[in-house]
Amino acid sequence: MTDPVSILNDPFINKGTAFTEAEREELGLNGLLPAKVQALQEQVDQTYAQFQSKVSNLEKRLFLMEIFNTNHVLFYKLFSQHVVEFMPIVYDPTIADTIENYSELFVEPQGAAFLDINHPENIQSTLKNAANGRDIKLLVVSDAEGILGIGDWGVQGVDIAVGKLMVYTVAAGIDPSTVLAVVIDAGTNNEKLLKDPMYLGNKFNRVRGDKYYDFIDKFVNHAESLFPNLYLHWEDFGRSNASNILNSYKDKIATFNDDIQGTGIVVLAGVLGALKISGQKLTDQTYMSFGAGTAGMGIVKQLHEEMVEQGLSDEEAKKHFFLVDKQGLLFDDDPDLTPEQKPFAAKRSDFKNANQLTNLQAAVEAVHPTILVGTSTHPNSFTEEIVKDMSGYTERPIIFPISNPTKLAEAKAEDVLKWSNGKALIGTGVPVDDIEYEGNAYQIGQANNALIYPGLGFGAIAAQSKLLTPEMISAAAHSLGGIVDTTKVGAAVLPPVSKLADFSRTVAVAVAKKAVEQGLNRQPIDDVEKAVDDLKWDPKY
């Protein structure tokens, strides 16, 4: 029998003051807890009151992590009852503070696996040790080179994997005993960390090239061998590594990169929701991306695939896309184009004034986009002039300033709504309160990846899918984009975070059905909805 102290220290089985008198007797816990036996809801209410006494968001997050480290059921029950309030604290943006201060704040490893680039021989044993006999179905891994908007944070980025898994569980209901957070410590190029005596990771510059990719390959092989029904989620890798890794494994295993695919899927869902409101077709739209990095190009790729799915040829679809970066409109003769940008760069010969298209305003005037999406982190770049220009040639311009945090957004939703006389269909990267405009409350959809990746992954896991295909991704986007209320003035293009659990199930069912339809399920499934519901974990004792 497990010794009593170990039971109280194991967050998977600890109930704290909710252990009954009979359980306390049986498990040897008599005298180790206060006399009162609490119901789970009593614990939740008490813990929430303690949470409310904390002042800063960082203090609140550290408190919640103490609960997580102690009692998973209590943590997730509390989180599920306060999703809207807790999401920005458990995850983005507050998680950035704990990542930047991880070494100074370090208390315990939170069940994560720490892989050292210099010790590939330890990959298998590390994963085994961290899993501790659990049946791992979902693994979130990061090398933390491109964390959120804050860059390279080395081993401290493990927090992003831990936080991501928390969202998976509260949104979709993945059992926390079947997930594992992994960080690959490949060094860091962050000088602040390299000079910090308290930094807990490897103190050398990032390893690149064959040694790095060989390590990744060994990791994938060991993970697949140890956990045969695995869904592998890559998080916050650097730009070049992210796409190389995804391209290497997406046709071999069920795998997903949130930075490349997640933002693309949720923006596609938002665009589909906007088009449902306006009654227009995607294949009639002209798309402009302001920002052509990992996120921007991930969105372009997703919408391009959807246009092809809707009947355009590959080349026809490409003509609907235009990229604007810091140097202006990107042209096909630019020697610095990335492999992702090259297929979508404009032909210089198509523009008489090509040399003058060196900023967003000029590009908008030349191209006349009907959809404008910002991932540039250049604040206030969607100007009144641009919004009014778009509103002049398209009835319902789709404008998504999704850079975050708020101070980096390309425009404020309220301004875009006002400048377009209420015509713009808006998505943002941060939560926005309802906006009163001409007697109506306009709801603003948040293009938050958390709307999509939990249901997407859960559906693939429920179907025991061998791969995550473009068709499954498209099914996810359509299921989310189909939730909008087209009868209501000011309806949001995406559903609210408050309904996260409900529509995560909708997404999961759509994805699982598509996997079964494509014959990708490892085991026969007669009833997809039942398979999804049977997998769902509820936080209860």
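Glycine is no exception: its Cβ is also placed from the backbone N, Cα and C atoms.
Look at TYR91 (active site, proton donor): DSSP puts it in coil. Other C-beta atoms found within 10 angstroms of the C-beta of TYR91 (active site, proton donor) number 22, with every protein chain shown included. Annotated active site, proton donor per Swiss-Prot: TYR91, in sequence order.
Taken from Swiss-Prot, the feature active site, proton acceptor applies to LYS164, supported by similarity to another entry. Sequence-distant contacts of LYS164 (active site, proton acceptor), defined by Cβ-Cβ distance under 8 angstroms and a gap of at least six in the same chain, are TYR91, VAL140, ALA181, HIS233, GLU235, ASP258.
According to Swiss-Prot, the substrate binding site annotation covers LYS164, ASN449. Classification of ASN449 (substrate binding site) by DSSP places it within a helix. Every protein chain shown contributes to the tally, and the Cβ of ASN449 (substrate binding site) ends up with 23 other Cβ atoms within 10 Å.
Taken from Swiss-Prot, the feature Mn(2+) binding site covers GLU235, ASP236, ASP259, and the record attributes it to similarity to another entry. When Cβ atoms from all protein chains are considered, those within 10 Å of ASP259 (Mn(2+) binding site) total 23, not counting its own.
In this view, ALA292 (NAD(+) binding site) is surrounded by 22 other Cβ atoms within 10 Å of its Cβ, with every protein chain counted. In this structure, ALA292 (NAD(+) binding site) belongs to neither helix nor strand by DSSP; it is coil. Residues or ranges marked as NAD(+) binding site by Swiss-Prot on the basis of similarity to another entry: ALA292, GLY293, THR294, ALA295, ASN404, ASN449.
Straight-line distance linking the Cα atoms of GLY293 (NAD(+) binding site) and ASN449 (substrate binding site), rounded to a whole number, equals 17 Å. In three-state terms derived from DSSP, ASP236 (Mn(2+) binding site) belongs to neither a helical nor a strand segment and is classed as coil. Among the binding-site residues ASP236, ASP259, ASN449, the ones whose Cα is located within 10 Å of the Cα of ALA295 (NAD(+) binding site) are ASP259. The number of other Cβ atoms within 10 Å of the Cβ belonging to ALA295 (NAD(+) binding site), over all protein chains shown, comes to 27.
Within 8 A of the CB centroid of the Mn(2+) site residues GLU235, ASP236, ASP259, the other residues of that chain are SER142, GLY146, ILE147, ILE160, TRP234, PHE237, ALA242, ASN257, ASP258.
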